[in-house]
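Going by TrEMBL, these are the annotated features:
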type	residues	note
DOMAIN	130-246	domain 'Response regulatory'
MOD_RES	181	4-aspartylphosphate
């Protein structure tokens, strides 16, 4: 007797399963982190989920995020066969294919971008150059924002503390240039580059990082990165970054 596939019987396909898994922001952040690291403790996942969440009280976030992940999201994703949970040491391990999962995560966040990456058509809107800085270190984003606004008139700078937050900002606002750190919790700057390129192949995108390798640089070039600026221990790093941003927005 021939076996009938799950999809032929009317059951959920792998596509349906993945779509259901990434319906919420918390699950996307959790899966981004596991895709990069393979496994994590619940506390590490809580930290990854909370990155980029703007709240007044950290205690308030902790009181909500942990039980939501522990009792709702992790059991749901385990039921869907995407991960396993060990209650003894409270560790979570990814069991889904990272490549397939990555494609669907990219698609999910890319869909949220909409058309906001298109160049402005209104003259007054085009007069203001807008730059998005993405880095999980708030000290770095504050320094870059302060420096850029001090040396460039008419340059509006906005910051995001994670890739997920950047996606949220990009879905609502237009920018002329994106600057991103490479290594961040959950999704990386390279993940953001790939996602942005699915929506816009021309918007200037700079990687500003103290980490990297030839493989990373090669992959960034493959996805049409505009520039690659090294973080250093002196102020010249901001001069280099400002120069590349200016060149990028002038060509926009």
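Here the Cβ of each residue, glycine as well, is placed from N, Cα and C on the backbone.
The model shown is predicted, which means the values in this text are computed figures rather than measured ones.
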Practice problem: Just give the helix, strand and coil counts over the domain 'Response regulatory' (130-246), going by DSSP. | Solution: 55 helix, 24 strand, 38 coil
Practice problem: Tell me, roughly as an integer, the mean pLDDT over the domain 'Response regulatory' (130-246). | Solution: 85
